[in-house]
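Chemist: According to Swiss-Prot:
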type: BINDING; residues: Cys23, Cys69, Cys72, Cys75; note: [4Fe-4S] cluster 1 binding site
type: BINDING; residues: Cys188, Cys244, Cys396, Cys400; note: [4Fe-4S] cluster 2 binding site
Amino acid sequence: MSRFSGALQLTDLDDFITPSQECIKPVTIDKTKSKTGAKITVQEDGYYEESEESGKQKLQKVEITLQDCLACSGCITSAEGVLITQQSQEELLKVLRENQKLKATGDNDLVQTIVFTISMQPILSLAHRYQLSVEETARHLSGYFRNLGADYVLCTKVADDLALIECRQEFVERFRDKEDLTMLSSSCPGWVCYAEKTHGNFILPYIATTRSPQQIMGVLVKHFLAEKFNVPGSRIYHATVMPCYDKKLEASREDFYSEVNGSRDVDCVITSIEVEQMLMEDERSLSQHEPVDLDWPWTDQRPESMIWAHEATMSGGYAEHIFKYAAKELFSEDTDNELKFKQLRNRDFREISLEKDDKTVLKFAIANGFRNIQNLVQKLKRGKGANYHFVEVMACPSGCINGGAQVRPTTGQHVRELTQQLEELYKKLPISQPDNSHTKAIYGDFLDGAHTDKSHDLLHTSYHAVEKLNTALNIKW
């Protein structure tokens, strides 16, 4: 287990963001009048019972929800070991079965519209696992989810594009306002959760307010598509397929609960590993499911392909895209060629600069993995981080392509080797540019234009420092 420093307690945290095995959330115990002679009995099936002279009563089971995880300063990253009842493949399959029954019995007033959104990283992971092309994998996944009961299966392309546009505009506005704070990317929930719980009010002003592609997709599905399909957002069930467990926590944030719809923008998150498990339980390979094209409900004109890559990194391409945009917008410098990032401590910490008139006018960095994040935060605390104007921050080494819930390497294969193979698959994909007719149409048809109050309200969020718990339960002896 890797640790940041002796002053920090990190619960079973290592650089690969595996779920914490211990929960240190204190349970509130209601004090009652002292009683004697009581006996607690545990039955074989796990039933707890307290017996006393006045009779027997079943004891309440301690439950921990995802909201508890977000409000607790104990763990830092994901918490698979707790009772994640609303964010599992079991819950997803239950919802799908119940919806199929409602359709069969004609209870149309209760039937939900089921929408799946698949992120690019799980598509790559499952393509490698089942030895299919990336395009074939996307189509087979679409067919598989439709067979389970999905009405629409989407990719995250349009949300990825909107996230880049919003984030680059936010950076340019901060730069022009002469804010001294380094802007840190916000799409990684593991990083955001760590920042809120460990560094709180110090670090939060640095973080971009742009929502992650998953949560932008949630807004588009529950609001834009709800209007387009004439279906209440409350009757849309939105499931996403993501590369890490922390996306489950992100979807459970109260910031992403819609009072209008009475539901979360993303109802359920499953991961690459969970999709693999579902396929194994069906005893059918992914390739055995009928291929079906992904849906494109956003505009009348369907793009030639919905499987695209972004420049430079497998985590959205924030650093490279925003660097190129800012160089042109702020300094009239064209940087159309592929950028050459300089490796620093390791391959997960890189930087790039723009020089003009013998002066460094832009300096960006990419910091992947908690070791590099810790070094970055310490620089900011010492006042040395201002050298960077923007940093793309991802909790996992190598970024989202190596997410903690991606399909595991085969026996004898090293994680680094698998990651390199996934990177090669990614590099073969066509490059997507966010400025296209589809994003322009969404801004015009749904968001009242770019950089409007509505677009800011729906595509941005806020963060909350989590007060540290003073409990002896998180002390290691």
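Each residue, glycine too, has its Cβ placed from N, Cα and C.
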Chemist: Pick the one among the binding-site residues Cys396, Cys400 whose Cβ has the fewest other Cβ atoms within 10 Å in this structure.
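Modeler: Per-residue Cβ counts within 10 Å for the binding-site residues Cys396, Cys400 bottom out at Cys400.
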Chemist: Cys244 ([4Fe-4S] cluster 2 binding site) has how many other Cβ neighbours within 10 Å of its own Cβ?
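Modeler: The Cβ of Cys244 ([4Fe-4S] cluster 2 binding site) has 29 Cβ neighbours within 10 Å.
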Chemist: In sequence order, what residues of the same chain, 6+ apart, have a Cβ less than 8 Å from the Cβ of Cys188 ([4Fe-4S] cluster 2 binding site)?
Modeler: Ser212, Asp246, Ser315, Val393, Met394, Ala395, Cys396, Cys400
